[in-house]
Structure formats: C-alpha cells, structure tokens
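> These came from TrEMBL, pasted as-is:
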BINDING   G32, P33, N34, A35, A36, G37, K38, T39  ATP binding site
DOMAIN    4-341  domain 'RecF/RecN/SMC N-terminal'
Amino acid sequence: MGLYVTELRLADFRSFERLVVLPSAGVTVFVGPNAAGKTNTVEALQLLTAGQSFRRPTPSQLVREGAESARIDARLEGDGRVVDVRCDAAPGKRSFTRNGKRIQASEMPESLMSVLFTPDDLAIVKRGASVRRDELDGFGRQANRGYANVLTAYQRSVEQRNRLLKDELVDMSLLAAWDASVALGGATLLAARLRLFSRLAEKVAAVYATVSGGERLACSYACTLGQDLEDLSRDELRGLFLERLEAVREDDLRRGQTTVGPHRDDVVFSIEGRDARAYGSQGQQRSVALALKMAEVELAGEILGSTPLLLLDDVMSELDGTRREAAMGFVSGGIQTVITTTNLGYFSPTLLDSAEVVSFGDK
Ligand SMILES: Nc1ncnc2c1ncn2[C@@H]1O[C@H](COP(=O)(O)OP(=O)(O)OP(=O)(O)O)[C@@H](O)[C@H]1O
C-alpha cells in the first residue's frame, strides 16, 4: 500500500487554533455543518501531499486570523517506515519539511501523493480547456517530479516570448532565440503529457464503462501542433513546434501572445462518438469526471507502486445514487480516503461501520 496518514495536526491553520485528527488506513468521513472547517482540513492534507492547495491561497490566507503563523504536521506510516511531513506558513512565505529537512513543494508528493475530487471537478468536461490541462499537469507533477520542472521551464519561456511579442519594436533575432527555447521546452512537456495521457485515457474509458453500464467513452488529446503525434520523438516534436511557431509568427506578433503549443491544447471526451462537452447530459459529464479521478488513483498506484491519498470534498451530495455507489465501491478497495459531508445519510451502514467518522462541530 505504501505510506498513509496516521496523524494530522493543525496549529493556527485557517479556522483552527488546534486540531488533531487520526485518520484510518481506509475511509475517514469528516461530518459537520457548513463552514465547520472540513474543507480546511482536506486542504491541509492536500498541502502535505500535493505540495499545493486547490484554492491557490496566498500564505497569509492559510494563517488563522489573528495568529502570526500556521503549521500543519502529518505522520505518514507504512511499509515499516515513518515519515513526518510539515508545512509552515506566515505572511509572504511558505515552507515544507520532511523528517526535519527542508524540501521543495514539488518534492512533497514523493512521500505520498493525493487525488482530490471537489464539486468544481464535476464540471471538468464543460469548463474551459485550461481546467483540463491543469488536471493533467496537476497529476503529472505529482506522479513525477521531472514533470513539474519541465512544466515550469516551459511556462517561463512562453511568458518571456509573450513579453517580447508585446514590445513595440520586436528584436527578431531575440524572438528566434525564444522560439527555440519554447519549442524545446514545449516538445519535452508535450512528450511527457502524451505519454501520461495515453495511459490515463485508457483507464478513464474502462472506469467510465463500468460507471455508466457499458457506454463507450473515448478521450483524445487535441494538440495545437497537429494530430497523431504520439509516436513522434521529442526531437521531431521540437522540429514540428518550431515550424508552427514560424507559421504563426505574424499572428502572434499581432496578438502579442504565443498561440500554439501545449499551453493551448485541450482534452476532448466523446461518448458513443459524440463530443461530451456539446452533447453529453449533465449525468454523463459527471460520470466522466468521476471516472477521471478514479483512473488517476489507479494510474498513480501503477506509476508509484503505492496508492495515493484520495480526498473527496463534498462530492457525495452532488452524485446520484448509482455514481455514489460506484465511487464507494472504488474506495472500499484499500485506498486511504477522506470524505467530507454534511450528511451521513449518503453512506451505507456497512461503509460507516468500517469507517472512522470525525465530527466537526460549529465553531
Ligand atoms: N485564515 C483563516 N482564518 C480564520 N478563518 C478562516 C480562515 N480561512 C478560512 N476560514 C474560515 O473557515 C470556514 C470555512 O471552512 P471550510 O471551507 O473548511 O468549511 P466546510 O466545513 O468545508 O463547509 P462546507 O460544508 O460549507 O463546504 C469559513 O468560515 C472561513 O471564514
């Protein structure tokens, strides 16, 4: 199974002065009324695993109002190992440590990564392309530290190129240099994304078929550089990207931005041959989101050789009975899972019997 969280401690984090939670190795349910701090606790777990929070907070937002600094500690145990991870936040700074040693946020998932599912994710099919790219990259950066570095390097080169494109008098030799840098970074990112995507897409389709009772889902990567790129080497991708950058140069100069590359790509889901974004029912779109998250858990297990922490924040109330059962069937398979809810009525007595239930009261 790998490592799992056995203890979480919060000090002056968000709404908590102090909180200690001892999650079970299986399912832990956080139950309580609105604004009781359930999501805050999930966010703390995400920070200590993914090294970032889905709320994209500034460090000072993590600090309890009136306090000077926040601290989150977790103990991870498993496979005969004990690992202590910690996150400190104070206005303007945030830091991470593992067993007392300072590490980068991007190194946090190496101990234990997490997959988070929130109500916003349920709309992933119909939201903007950047949401789907972020989902893929968010998974990639946790599953492989190299991915995070490649992504950051590429984003920086695109930013630099865009800055140059906005200059009143563009230095064309400098632009050629940035084209080369963007093409190299982009090809590296694209190669990593495509590898990840092909493995993930296969799993999403398989899980979706189960959740939907046999419907056929296809996931494809819509790349601004062209189609059928899966078999190209990184060097071939780089060459192709350079050609495209030259082809769109006039347009990019006019718009002041880089209009092709992995930062403009998308993921397309189709159900029974029809684009799920344009034609899928809300239920079908939600099933795709659920299948995607479950597929991420499976793939993380394959890539890392250990199961990730699954965080289900408030999604039970958003799923209908069939999808809820599918999700529950999945988490009962030995994956450490934390679920937040305002209502225990969504869970079967069998699940509640084996789960650790933590009550969050009114503050
Ligand atoms: N830095 C902070 N200092 C003090 N309180 C904070 C801070 N950040 C967030 N809060 C408070 O935490 C509460 C929200 O907690 P949280 O989002 O965890 O609720 P929840 O239990 O998940 O609720 P729901 O069921 O509505 O999703 C809000 O009242 C908010 O004002």
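Counting begins at 1 with the first residue displayed.
Cβ coordinates come from backbone N, Cα and C, glycine included.
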> Would you identify which of the binding-site residues A35, A36 has the most other C-beta atoms lying within 10 angstroms of its C-beta?
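Within the set of binding-site residues, the most crowded position is A36.
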> If you count other Cβ atoms within 10 Å of each one's Cβ, which of the binding-site residues G32, P33, G37 has the most?
G37
> Which has the fewest other Cβ atoms within 10 Å: N34, T39, the binding-site residues listed?
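Least crowded of the binding-site residues N34, T39, by Cβ count within 10 Å, is N34.
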